[in-house]
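Below: the structure, in structure tokens.
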Amino acid sequence: MALPSSSLSSRIPTGPHPLTHTQCIPHFSTTINAGISAAKPRSFYLRWGKDSQPKNLGSNKIIACVGEGTTSLPYQSAEKTDSLSAPTLVKREFPPGFWKDHVIDSLTSSHKVSAAEEKRIETLISDIKNIFRSMGYGETNPSAYDTAWVARIPAVDGSEQPEFPETLEWILQNQLKDGSWGEGFYFLAYDRILATLACMITLTLWRTGETQIRKGIEFFKTQAGKIEDEADSHRPSGFEIVFPAMLKEAKVLGLDLPYELSFIKQIIEKREAKLERLPTNILYALPTTLLYSLEGLQEIVDWQKIIKLQSKDGSFLTSPASTAAVFMRTGNKKCLEFLNFVLKKFGNHVPCHYPLDLFERLWAVDTVERLGIDRHFKEEIKDALDYVYSHWDERGIGWARENPVPDIDDTAMGLRILRLHGYNVSSDVLKTFRDENGEFFCFLGQTQRGVTDMLNVNRCSHVAFPGETIMQEAKLCTERYLRNALEDVGAFDKWALKKNIRGEVEYALKYPWHRSMPRLEARSYIEHYGPNDVWLGKTMYMMPYISNEKYLELAKLDFNHVQSLHQKELRDLRRWWKSSGFSDLKFTRERVTEIYFSAASFIFEPEFATCRYVYTKMSIFTVILDDLYDAHGTLDNLNLFSEGVKRWDLSLVDRMPQDMKICFTVLYNTVNEIAVEGRKRQGRDVLGYIRNVLEILLAAHTKEAEWSATRYVPSFDEYIENASVSISLGTVVLISALFTGEILTDDVLSKIGRGSRFLQLMDLTGRLVNDTKTYQAERGQGEVASAVQCYMKDHPEISEEEALKHVYTVMENALDELNREFVNNREVPDSCRRLVFETARIMQWFYMEGDGFTVSHEMEIKEHVKNCLFQPVA
């Protein structure tokens, strides 16, 4: 793709989309300044090397270090210099390309996808489709704790039997070998002790299971002390409320437990302190998370008042335990209906909360998207999101559709995913979770928050639209929290026990939304994703439709399959580069691998192979043309080259130097080939369209060449106006768009064309991020125009640091606007919208820390290229 070394651009005009040839080309003067020979070179550049650093000798001189000697050149800060003698051209050299054939051969995997693997991919896709299609109220595992509370309920007919005898039997049959109750594959002392205590009390109340009780007591005595070694962040929700209350009950029942353990005393003290701070009027005023733990508040609850806060489904915040406690106190029929509803689903046990329908759908969609396999499930994803959106609330959502207490975790996840899929959702929903100090918390009016929910808020904050200050506040707040969490091992995590949440946080902070690419995120998340992750509610629970081995298996097979296709395409493109004679061009950069990587990082799907070829070839041309017009060609020769493109006349190459002859001939032949294929795809001739796109680019390069020749520093606005073309990104995108699998009408092309705000923002953000990382080096090479320098010219009173800050502000605001264009431009096919938006993102990624295009081999970028293109996932 086009990643020019010279700087150009800032504010882009927003006029209507021109369609005709004469309308499309901006009016760029090709008249050479009177005092300058058009046949002489226009600029000087430093040789590449550690000793070739520019030395500033004041406002009027720059010395270029070239070999053993130096070249002193006048530096003019005036707008134009009419009598400037042409400076001597010093050959510019780039660092050599890292990706030589032997390097690529040593990295390329010999693995080929077998027929059995292809069959397995098909099977997994079918299985996962069935997972999505079977989503109802949520799939989850049994909660021994909640089942014990439901088993307590006496028969409503007055007999001395449990209302749900099957739950009592489940407790008797599901004690673990160590005497505890809970999930056997994962030991969390908090969870096991809580569930074991609840089951022992229930068995004691029904005077059954003496053997199980005895084993449970033994477990409690030997293992309870381990709680002191566990992080506070692993303490289940409401533990300090329900555990002391049950201990008190156990003591009354005569269970022989170590009530004097220090941690037990500490938990009791925490409960008392919390209840002292609890205004009773709040308990009944509106739904809060206290409804989730009413079984631990029985001595203070006014049961008639609390009934007013019952959910529509009859539950109390979807908790079977809390609902069972209310039923035993009130006999409320809706409570009983809810419990019957849950048992009808699960048979002889209940989960820790139910339903989980919104949570399940959102996280399943997020999982397949982050793993890079979402393209296989477009219909299923739409159905899931339609369901979530139908239950969206401007106050936020919780984990279930009728949950009266919204949480920031589900709300932020929903806001981000729904917005990116084109649903109309407002960021104002986050205001529900912001306190008077500007801090964000998981639940309204509480101070609880964890790493996972703050991570989701942070991810959400990056899809902001212009003017959404709440998103900016959320970004700053969560970045601060997450960076502190990385320094505090105990901060991981209040709501989930994940395989590598730390790795997820590190990736999100280093590669936020505008600096991450789909293929890179997939590679990273494949490593971080845990198919056996568990969540923490009142007890530990699992979500098999979110954490599932099948997702991971498909992601790995699919990644490696696509990677093998990419390796073949890259070999083809490298052969094309060599056969074209480009290796003989010493004035330009050989970056075939980096350019192909930029395309494969986002348009990676097998069906877009032709688009990747075109994107890569056109990007290579724009780099060559940029280097040609930027420093190598004389103005006479450049005008001849531009005339050749305008006339589309191969005979003009006879008047060109050899290097230009190579460039023009290969451009001519390649564009003709692309046009033939484009005609097949679009059903109409596209050669004129492609030539027009190229003419516009060369006109912009010509203007830039004139600026360089005359040492002219344009105003910020003038600089930006030309940058909408000279950045070259639009050239690549507008031609590649013809191969995205859609028939593009003139109307659609206008919505991504030169006059569209969408394309302008892509160009603007790409140019500005380039300038922020290259302007100093290019200034040392004699370049006089960049966003920073032009803004300083307009505002001579400001410092360079202030100018740079302004450029960053313009860019960040433009990225927010780009979000809005990407999301709302629904008349443009998805593949075309992606092409524009992801091209903007790859620029942010390449220039995140420096000039990652020119010197990628010296940066972390090299490892990402390896991971994306060469190293299969295990």
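Using N, Cα and C of the backbone, Cβ positions are placed for all residues, glycine too.
Per Swiss-Prot, the features are as follows:
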- D626, D630: Mg(2+) 2 binding site (BINDING)
- D626, D630: Mg(2+) 1 binding site (BINDING)
- N770, E778: Mg(2+) 3 binding site (BINDING)
- 1-20: region 'Disordered' (REGION)
- 407-410: motif 'DXDD motif' (MOTIF)
- 626-630: motif 'DDXXD motif' (MOTIF)
- 1-37: transit peptide (TRANSIT)
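Of the recorded residues, N770 (Mg(2+) 3 binding site) and D626 (Mg(2+) 2 binding site) place their C-alpha atoms 14 Å from one another. Using a Cβ-Cβ cut-off under 8 Å and counting only residues 6 or more beyond its ends in the same chain, the motif 'DXDD motif' (407-410) has close neighbours at 358-359, 362, 396-399, 430, 432-433, 440-443, 449, 452-453, 456-457, 495. Here the binding-site residues are D626, D630, N770, E778, and the one ringed by the most other CB atoms within 10 angstroms is N770.
Residues of the motif 'DXDD motif' (407-410) grouped by DSSP class, helix first, strand second and coil last, total 3 helix, 1 strand, 0 coil. Note: the CA-CA distance between D626 (Mg(2+) 2 binding site) and E778 (Mg(2+) 3 binding site) rounds to 14 Å. Here the motif 'DDXXD motif' (626-630) has, by DSSP, the following mix of helix, strand and coil residues: 5 helix, 0 strand, 0 coil.
Of the recorded residues, E778 (Mg(2+) 3 binding site) and D630 (Mg(2+) 2 binding site) place their C-alpha atoms 11 Å from one another.
Mean per-residue pLDDT, taken over the motif 'DDXXD motif' (626-630), amounts to 89.
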